[in-house]
Amino acid sequence: MDFIMSCVGFAVGLGNVWRFPYLCYKNGGGVFLIPYLLIVFMGGIPIFFLEIALGQFMKAGSINVWNIAPLFKGLGCASMVIVFFCNTYYIMVLAWGFYYFVRSFNAILPWSTCNNTWNTPNCIEIFRQDDCQNGTIGNSSFGNLTCEELAEGSSPIIEFWENKVLNISDGLDQPGIINWEVMLCLMATWVMVYFCVWKGVKSTGKIVYFTATFPYIVLIILLVRGVTLPGAYDGIMYYLKPDWTKLGEAQVWIDAGTQIFFSYAIGLGALTALGSYNRFNNDCYKDAFVLALINSGTSFFAGFVVFSILGFMASEQGVDISKVAESGPGLAFIAYPKAVTLMPVAPLWAALFFFMLLLLGLDSQFVGVEGFVTGILDLFPGKYYMRYRRELAVAVCCLLCFIIDLSMVTQGGMYVFQLFDYYSASGMTLLWQAFWECIVVAWVYGADRFMDDIARMIGYRPFPWMKWCWSFITPCVCMGIFLFHLINYKPLTYNNVYVYPWWGEVIGWCLALSSMLCIPVSVVYKLFRANGSIREVGWDTSPSQGTPGRTRTPDPPRTGPSQAHCATALPRRK
């Protein structure tokens, strides 16, 4: 059960709540589920299962697991680079959420009024439709403007976000000063992550149950509250209303594929690390389907929560739902905070939402850091074992990420954050990683050989569909979406207004290529360093330490996530 809970905590994250509902609404409502479910079965589940099974069979982290094909060990390095970048920038969302959570403990929410030091003279307080029609909105001189026109004004929500939280500068070349309040929230978040990961089972055995399940309780509470609000039905219908013409648009299929690879946490190496702590005969095939159902089901369920509340906000302000529908940070830090200000007992609903946001992100961060640390520790044989090497590795990882994060709590920090988000762990990098994982397992190591290995573990052969996907279908899906991303690449902007300078684009592409080039560079390096012909070296798939999963040299027992993260966990390499 621990393995299931950990994978739920890692894979079910912020994207399920703030990205999937918006994509569903944007891409034809209920019609979006058709391409989404097709790609789940053609790409999501096969790679999800592949990574877990590979880790369970090899009993190794994201680097050593590729001993099945030593020539392609760069795949492990690539996943380590990607998950390191994710650990670095993802936690910023938690820091912002923590800041909002703390500021929610006020009788009057600080983002609901225009009489604060960070507000501008153009600030228009949050209004209801009746206020708009009666001309009673505070801090504004609006004459005969309509509610729709007033909704376009400068709201205290946006001013709190941009002027107080971000204190944003005019561009990437103007980093400015550090926002000390947000920096303290960032530091507190990293401290929480460290003390929940440093001892493995000793420090996370019970925490993962709470962080993985409590967000569902909050979602249910928010849903019950949301559907009782006026306008909720219209919001839900907006979310589900089918637009069949969307099925003919390529972008709909691309959005479905990209969302699946993001939400299933594919290509990061953390799933491999989690699988490596399972006992050898754990039924990871069944686990993969259960986790896929939970992941996608959570995404769909969250849409009802989000759009019931957005429908209420649109109804209260007399505007169309399209005017308030947001995705990503726009939903978490602008749309939802705006909605709760219109509810009775607003601080309670704000605190609940941001606490849920914090927990959704924290358990994903736990496993991301665990996956990175597991890969690092796997590089050191047992003879180099040190008593406190795990604690030291976690501390170095957290400290290094925190130092990099300091650039994201400056006035130009949002521009840095977007560079990491758009390039370092983008759809292109994950799709590239997933494509090569399928190719190496299916065509270098051998799909039939791997199916036999899985049968040794779980006692039966999975349905042949998995083998067909690894060999043909999933690589085609990955490469198709990858090429679409590449062909339709658009330079990064902020709010569709600020265009990044050329050197900012260069930094972004360096972040992306730092992981993508690990694979071809490592192949070329090994070919030049190895003895024998290219053919002999290229197709040498013999694991370097004996038969996978059976005769590996045991390492000293570790106190990693062996019980906090895995179902029937035993000490690794037994």
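Our numbering is plain: 1 for the first residue shown, then up by one each step along the chain.
A Cβ is built for glycine as well, from the same backbone N, Cα and C atoms used for every other residue.
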I want to verify the bond table. Which candidate from Cys114, Cys132 sits on the other end of the disulfide that TrEMBL records for Cys123? Cys114
Given the ranges 128-152, 253-277, which one is assigned the annotation transmembrane segment in TrEMBL? 253-277
Using a Cβ cut-off of under 8 Å, list the residues of the same chain at least 6 residues beyond the transmembrane segment (177-197) that approach it. 91-92, 94-96, 98-99, 102, 165-167, 203-204, 207, 362, 365-366, 369-370, 373, 394-395, 398, 401-402, 405-406, 409-411, 413
Are there 3 or more C-beta pairs under 8 Å linking the transmembrane segment (348-380) with the transmembrane segment (468-486), counting only pairs at least 6 apart in sequence? no
Cβ contacts under 8 Å made by the transmembrane segment (253-277) with residues that lie 6+ beyond its boundaries: 3, 6-7, 10-13, 15-16, 19-20, 23, 26-27, 32, 35-36, 38-40, 43-44, 47-48, 51-56, 58-63, 65, 76, 79-80, 82-83, 86, 284, 292, 295-296, 299, 364, 367-368, 370-372, 374-375, 425, 427, 429-431, 433-434, 437, 477, 481, 484-485, 560-562, 565-566, 569, 572
Segment proximity, the transmembrane segment (392-410) to the transmembrane segment (348-380), 3 or more C-beta pairs under 8 Å: yes
Of all the recorded positions given, Val12, Cys123, which residue's CB has the most CB neighbours within 10 A? Val12
Look at the binding-site residues Ser263, Ser364 and tell me which residue has the greatest number of other C-beta atoms within 10 angstroms of its C-beta. Ser364
Contact call for the transmembrane segment (430-447) and the transmembrane segment (75-102): at least 3 Cβ pairs under 8 Å, seq gap 6+: yes
